[in-house]
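> What TrEMBL lists as transmembrane segment is 12-33, 39-61, 81-100, 120-138, 145-164, 184-208, 220-240, 273-296, 303-320, 340-361.
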Amino acid sequence: MKKVEQVTQLQLMMFTTVYLFSTTIGFLINPIIEIGSYSSWVSFICGAIIALVFLYIASYVCEKIPNNSLLENGDKIVSKWVHNFFLFYIGFYFFHYSALVSRLFQDFLVQTYLPTTPDRVIAICLSLLAVVATWSGLEPIFRFVQLFFFFTIAAAVSIPILIATDLEYDILIAFFNHIQMAPIAKTTMFTVPWFTDLILILLFYHWIRDSKKTIKSISIGIGVNIILVLPNLLVTIILFRPYYASDLTYPVLEVIRQISIGNFIENLDPILVSIWFVGIVVKISITLYGAILVLAKLLKVQNYRLLVPPMGLFMFGYSMQLDGSATEINYFITEAWSGFGWSVAFIPLIYFIVLKIRGLVSNKPKHSTKYRKN
């Protein structure tokens, strides 16, 4: 008998933290500061709260579906063709997401550590790691996250602590005096989709133990992520000011490079970046895994592993096609990607609305008609 993969609530909480932290700390600090300036910390919190509403709706929908599987039984709510279209849309989104994160990390390594290494070599390495992880399955990926969860916590906490003595704290008042509604609204709109990416769990919700506690575990994971990211965001703004920080492609990396612990460790960035690298691999792997699950469902392939090698190859090719400098890709993320993410976030809401309408119709009292005998 085939073993059914299971994910515990503790693993889900840890996964939520690592999944969100990996891209936020590396690629989103720059656009968040650029859009929100001193108000960015407020926007980050607001974005997390709004995203939790969408994630609650997604969890609610899965709880109302037979076997808690939106992937298999979503057509019990909407028509089969509509459900398949939504699955295809979600699958393409996460496939694109895996390729985008791969491309972003390729650019990061080439610009900072491996300037003479061809992009395709790094892309091949990332794709191979993602294929191996995806082939292993959901449960091994989550166990791997458990192993590196505390390393992620240690890395995130160490940055503000080690740089604390070099900061000018007089600027703290600016975080309250320069709160403006327009930047907050715009940055919140940008931030929400990066949290709602956790809608990915819809595709394997039926493998989560004690699924009724899912939203609680995700909320804790998002809360931990906020606690880890906010100090790094504030430290970056204090150290470089918003205008200079927004001109840096990787502002947190520059913060790390300011840290020096005596003569023994003059630069911590190789250590911290290696921990961050693990989170990036997890993110690429799990998003590719979600896309493969969708494709296997649409093609009616029983064993998803048959699709792992070709999808890994396609992801490699697609990431190489996402050409352009880091500045151009950051512009794409800021101006276009959020709209794509918002459209995916609204899909569970459509299922939710249909569920409620059907509930109202089914609960409507039926009036019996009496016929008189002539």
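Glycine too: its Cβ is placed from the backbone N, Cα and C atoms.
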> Applying the under-8 angstroms CB criterion, which one of 39-61, 120-138, 145-164, 184-208 scores highest with the transmembrane segment (81-100)?
184-208
> Sequence-remote contacts (6 or more beyond its ends) of the transmembrane segment (273-296), Cβ cut-off under 8 Å?
15, 18-19, 21-23, 25-26, 71, 87-88, 90-92, 94-95, 97-98, 101-102, 105, 113, 126, 129-130, 133-134, 138, 141, 144-145, 148, 151-152, 154-155, 197, 200, 203-204, 253, 256, 302-304, 306-308, 311-312, 315
> Do the transmembrane segment (220-240) and the transmembrane segment (120-138) share at least 3 Cβ pairs under 8 Å, sequence separation 6 or more?
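Contact absent: fewer than 3 Cβ pairs fall under 8 Å.
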> Would you kindly list the residues that approach the transmembrane segment (145-164) from elsewhere in its chain, counting only those six or more residues past its ends and only Cβ-Cβ distances under 8 Å?
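Long-range Cβ neighbours of the transmembrane segment (145-164): 10-11, 14-15, 17-19, 21, 25, 224, 228-229, 231-232, 234-235, 239, 252, 255-256, 258-259, 261, 268, 271-272, 275-276, 278-279, 282.
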> So if I exclude everything within five residues of the ends of the transmembrane segment (39-61), which remaining residues of that chain have a CB under 8 angstroms from its CBs? That is, six or more out.
32-33, 70, 77, 175, 178-180, 183-184, 186-188, 190-192, 194-196, 198-199, 201-202, 205, 211, 214-215, 218-219, 222, 225-226, 229-230, 233-234, 237, 242, 345-346, 348-349, 351-352, 355
